[in-house]
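According to TrEMBL:
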BINDING   72, 103, 122, 123, 124, 125, 126, 127  S-adenosyl-L-methionine binding site
Ligand SMILES: C[S@@+](CC[C@H](N)C(=O)[O-])C[C@H]1O[C@@H](n2cnc3c(N)ncnc32)[C@H](O)[C@@H]1O
């Protein structure tokens, strides 16, 4: 099982990339994290539905075959960190890869969210894309550290 963070939009500000990389490199080999970014559809004259559908196509191409899909969505289910740790344990026991998907400037396609296995929210507030990425990877690392009884969670 590996965690694959699929994010729409390739370039993050340096401060966010530094924070993200700092967490990404902490994961041990038994809980690998991979990041796959997909291009944002240029905002031009296309209708929003068409933009999101184009981004959906790229997301689906980036999701590993057979992966469990978890959409990050401010309207998704609220989770405590302990609950996320429990999900992580179940995902590891299940063995399938897990794709955690973060949308672009206009969010994720509605059909994609409806079809996802889980929709989770990180906060009741709308987060900018870069912060959503950093918060997600920190919480996944914290969830791992809870399950592994690693001191990070108590720091
Ligand atoms: C700038 S936000 C897009 C906001 C957009 N208006 C929407 O309706 O989703 C970019 C992405 O960050 C993620 N995101 C933002 N806030 C979030 C939150 N509170 N919980 C979970 N994910 C969030 C979502 O994946 C979202 O698609």
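Each Cβ is built from the backbone N, Cα and C atoms, and glycine gets one as well.
TrEMBL: automatically predicted annotations, no manual curation.
Features per TrEMBL, on structure.
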residue	record	Cβ contacts under 8 Å, 6 or more apart
72	S-adenosyl-L-methionine binding site	100, 101, 102, 103, 108, 119, 120, 121, 122, 132, 136
123	S-adenosyl-L-methionine binding site	74, 135
124	S-adenosyl-L-methionine binding site	74, 78
125	S-adenosyl-L-methionine binding site	74
126	S-adenosyl-L-methionine binding site	74
127	S-adenosyl-L-methionine binding site	74, 135
For residue 122 (S-adenosyl-L-methionine binding site), just count the other CB atoms lying within 10 A of its CB, please.
20
Among 72, 103, 122, 123, 124, 125, 126, 127, the annotated S-adenosyl-L-methionine contacts, find the widest CA pair distance and round it to a whole Å.
16
For residue 72 (S-adenosyl-L-methionine binding site), name the DSSP secondary structure in the helix/strand/coil scheme.
strand
